[in-house]
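Trainee: Just lifted these from TrEMBL, have a look:
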TRANSMEM  41-68  transmembrane segment
DOMAIN    43-349  domain 'ABC transmembrane type-1'
TRANSMEM  88-108  transmembrane segment
TRANSMEM  163-184  transmembrane segment
TRANSMEM  190-210  transmembrane segment
TRANSMEM  277-299  transmembrane segment
TRANSMEM  319-341  transmembrane segment
DOMAIN    382-617  domain 'ABC transporter'
Amino acid sequence: MKLKKLNKSFYDKSYYQSEKIPTRKILKTLFKYVLYYKKELYIAIVYSLLQTVFYTIGAFLVGKIIGIFFEPIIYGQKAISDFGDLNFFFYLLGLSLCFILYAIFRYLELRSYIDISYKTTQNLRKEIYHKLQNAPLYYLDTKKDGDLITLLIIDINNVSNSLFQTISGFFNSLLSLIFAIVAMNLVSSLLSLIVMPTAFLIYFSVFLYIRRSQKHFHTNTQAFARLNSFVKEMLNNAKVTNVFHKQKFVYKNLKKITNDIQNISYKGDVISRSFDIFYSWISNLLILLISALCIIFYLNKTNVYGVYGFGVDDEGKATVSLIVTYIAINWSFMVPFQGFLSMSFTIQNGIASGNRIFKILDIPQMENQDSKINIKDVVGEIVFDNVYFKYQNSNKHQLLGVSFTAKPNTITAIVGPTGAGKSTIIGLISQFYNYEKGHIYLDGIELKDISNKSLIENTTMILQDCFLFNESVYENLKIVNPEANKEDVVSAAKITNANEFILNMEDSYKSIIKNNGQNISHGQKQLLNITRALVSNKKIVIFDEATSNIDTKTEEIIQKSFNKLMKNKTVFIIAHRLSTVKNADNILVVNDGKIIESGPHKALLKQKGFYFNLYYSQFNK
């Protein structure tokens, strides 16, 4: 059991700081995804337009009803006696109809925008997953698991919420604002000349304040990524933490991260929550200003430059209904601003998450496979010719001039100390990485020229940390070969001696593997992994430390069926237990990126070199 080395920078906030993508670019890219649904977007905009029209007409009718039916009372007259019950009914019916239609189109508008938002987000999530699936392994090696979990769940949800607020809020608020400005100027150009510049100045100041708060939202998403990474590492190493009594150390670092999140979230929440208070205060202040101006204009018989019948008389002077009409329309002027400003806070989260998402969309992908060679009828000869390799952003070469030949239907073992380059050789054979210099050939074809798909179709790997799906035992074994039937699977399990423990499970081959094999032992998990490799029936088989965590008895079971498993296949074995490689046709001894010795087991022992010392350090103590 190894204690994973803790990276000090992992707990440092600067570890997760990255260059930000310009906000304009993020919004522009998001809008490109929205445009995949142009038809739905146009329909939603029409709904926005119609609900705005009926809301504005309703606001006019409210003022009209007040003016026609209640203003005469001020002069000691009866409004109904002049117009009759029928007209009164028609005005109320018209007002009711306007707000019913407004509610209907508002509902249809929201449904349309929600549909667009979820479809766009779904496409974005699929593309990100596709990008990660096709990303070079060296890129994934540089990423924390918690970062990717945050990206696929929290960041995508933030973008989804932001997207809905943006497309629905923008078009709705923009149309409402245009209609409100026109209507306010129709009712009173003089009032609008005073009220509108004041409102624009106030809201513009708020908008600038919101933009300055963007850094808090960006930092917040980074902090949650740190927390996810830490929690995942903490859970993965829970046993190790207890064995080495590091609970206080882990708690200390967890507390540091959560304190950072608390401080960052507090600042962001204070900014966003204070907006509601500020907006209510501004709204009431504007209504008070409008009411005061209307009263002043009415008392002084001021010409307010409006349209007759909507709060002004035939001479353009203010009437009592001007207050109600203008406030009703002014409300439709203020609501869009509230929409824009509320939208800004949601967008801040979306932009911060979008900054991380679109960096993933820009990551380099594996080379275009269309021009690659699809290999068939693989013989299985692999040749390394003076191969050099170093990892991304590393100055040290992991392999230095490695050359060897693995003949078809032979077993090649790779041994050496930790960090010598054993797994790197396997990684190059599997096309996980591209070699820097030299050549690697498969059946005489340059490995770089072979398509990744066809290489996978002819290669199977048995890893130390194998992965099992949350499916039945049968599905886990069959997944590597869709053409395999039940007999093929059972036959393979019998060869690897996995059949016995499978039959002893509750539902035999129908038993569900839970949480990547938590309901079975590690040895049983490895037996299933080896059985799966046999079911795949691939020509090239790679054992990457496949038996290093298996007990001696289970290892003996695997060794007994080893020859049957590897018949007519080119096999590579990496193992720290040298007892597992004694029967290999060729053993490559790797140290500091070079092959320093090679040959069969007995021949290497006779040399009394590095392998000799390595072997007897394990078996002759």
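Any Cβ shown, glycine's included, is placed from N, Cα and C.
Show me how these features fit into the shown structure, please.
Mentor: Tertiary proximity for the transmembrane segment (163-184) is limited to same-chain residues at least six positions away from its ends with a CB under 8 Å from its CB atoms, namely 27, 30, 34, 41, 44-45, 48-49, 51-53, 55-56, 59-60, 109-110, 113-114, 116-117, 120-121, 191-192, 195-196, 326, 329-330, 332-333, 335-337, 339-340, 342-343, 346-347, 350.
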Trainee: Given a Cβ distance threshold of under 8 angstroms, which distant residues of the chain, six or more beyond its ends, lie next to the transmembrane segment (88-108)?
Mentor: 47-48, 50-51, 54-55, 57-58, 61-62, 64-65, 68-69, 80
Trainee: When the pLDDT values for the domain 'ABC transporter' (382-617) are averaged, what is the result?
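Mentor: Average per-residue pLDDT within the domain 'ABC transporter' (382-617): 84.
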